Amino acid sequence: MDRKAVEEKRIVISIGGGHATGVGAIALDLQNTFKSLYNSINIRVINLDNMIEGNIKSYNNNDYDFDNILNLVYEKHAVTSQNDMIQHDYEDPIDLIIVCGCYALYDKRINEISQLKVFLDSDADKRLISLIKKKNVGSNEQLAQLITEYMDHLRPEMQQYIEPTRTFADLIIPSTNENLGRAVLVDGIVKAIEDTKSQIEGNNTNNKIRPRLWDFEAETMDLEKDRYYDLS
């Protein structure tokens, strides 16, 4: 299959956000959701937070090999069994790739191929509390170490490298509106899948019944008119 055909069947969704905002969890939740909604697509999650380079963190973009990450995005899913062939509606299914992590919106090349870019927004106090819970802090010494790391490294990293990527988002989901934000996000991905299937199959699916969790059109959500949609 040529590169153009592969690109036509690839949907990239990028989800960024600050430390301990649940970016990885929402990506896995979306993966499970779309596995239940569609059996004709391959779904992959690329979690940048699990791909930090080296043993010593720099607390900046140099912690990530974006060339390698981009190659993983471009990598075509291989159908490995006859069961896979039977399972899919057609032999070469759509690839849905969810790129997530603090730096998911940092690389320009990944942003350019992403059909939807999302930023999970949360205030500093809530991020710190979530981080303490995530690290399962059990002693005053551990708490002191974590707060030192937060003040000396994580907070400056958020301010200098992660927070600025918020401007690249098409959709901003605040922590106070997660359920509504998730509904909008799911329906946006559904629309991207149906549009892609329509292009592949060469027919109009506008009248086709699809899962309706949130209607972009009915709510006058025009991403071409407005650079991003902020739910706060």
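Even glycines carry a Cβ here, placed using N, Cα and C.
Positions annotated as ATP binding site by Swiss-Prot, on the basis of sequence analysis: G17, G18, H19, A20, T21, G22, V23, G24. Within 10 Å of the C-beta of V23 (ATP binding site) we count 23 further C-beta atoms, all protein chains included.
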For G17 (ATP binding site), the three-state DSSP class is strand
Given the ATP site G17, G18, H19, A20, T21, G22, V23, G24, its other Cβ neighbours within 8 Å of the Cβ centroid, in chain order, are C102, L120, S122, R127, S130
Here the binding-site residues are G17, G18, G22, G24; the one whose Cβ sees the most other Cβ atoms within 10 Å is G17
Same-chain residues at least 6 positions away from A20 (ATP binding site) with a Cβ under 8 Å from its Cβ, in sequence order, are R127, S130, L131, K133, K134
Cβ-Cβ distance under 8 Å, sequence separation of 6 or more, same chain as T21 (ATP binding site); the residues meeting this, in order, are L120, D121, S122, R127, S130, S175
By a three-class reduction of DSSP, G22 (ATP binding site) is assigned coil
